[in-house]
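Over in Swiss-Prot, the protein carries these features:
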| type | residues | note |
| --- | --- | --- |
| BINDING | F40 | hexacosanoate binding site |
| DISULFID | C53-C75 | disulfide bond |
| DISULFID | C102-C142 | disulfide bond |
| TOPO_DOM | 1-20 | topological domain 'Cytoplasmic' |
| TOPO_DOM | 41-150 | topological domain 'Lumenal' |
| TRANSMEM | 21-40 | transmembrane segment |
Amino acid sequence: MSQPTPIITTKSAAKPKPKIFNLFRVCFISLLLIAAVEYFKYGTRINYEWFHCTPIKEPQSGSVIKLWARGGPSCDKRGEYKTIVKRITRDYEPNDEHLSFCIIENDNVPPVHYPIHEDKGEPGYVAYVGYDTDSELVQELCADSTIYHM
């Protein structure tokens, strides 16, 4: 009978290299990317008005406020409108009480305007917002514009 052939294993003379340095390199690159994102967020927070529209509120009477938005170059009429609507939906709770508001467009301001100076000029939109307990005042302030109810 024939004998089974023996299994021959050869050991490599070179030892496997430790992977710890690769781990440190990957961790360092990851931390560097996180730091870059956080630095960008910090830089834009300081110059927030330059990138976004800031809502400005002026109380009228009761729950009624006059609301408009100002900002830097990216705050054109579209940005002002979005900021006003976002502020209305976040600040007022229609489940507590119904809400009345109107948004009045200023036709003197062009749709795309870049207010880069300290004097931002007139706002493109102005809104009057209030709960229905003050609906008479909202109707008076809105005059001929459409009044929305939520």
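Numbering starts at 1 and runs along the chain as it is shown here.
Glycine is treated like the rest: Cβ placed from N, Cα and C.
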Expressed in Å to no decimal places, the gap between the Cα atoms of C102 (disulfide bond) and C53 (disulfide bond) is 19
Note: in the chain of C142 (disulfide bond), residues six or more apart in sequence with C-beta under 8 angstroms of its C-beta are C102, I104, Y128
Mean pLDDT across the topological domain 'Cytoplasmic' (1-20) comes out at 71
Whole-Å Cα distance, C53 (disulfide bond) to F40 (hexacosanoate binding site), is 19
Mapped onto three states, the DSSP assignment of the residue listed as 'hexacosanoate binding site' reads helix
C102 (disulfide bond), DSSP three-state class -> strand
According to DSSP, C142 (disulfide bond) sits in helix
Reading the DSSP string in three states, the entry for C75 (disulfide bond) is coil
Should one count Cβ atoms within 10 Å of each candidate's Cβ, the disulfide-bonded residues C75, C102 would be headed by C75
For C75 (disulfide bond) and F40 (hexacosanoate binding site), the CA-to-CA distance in whole Å is 20
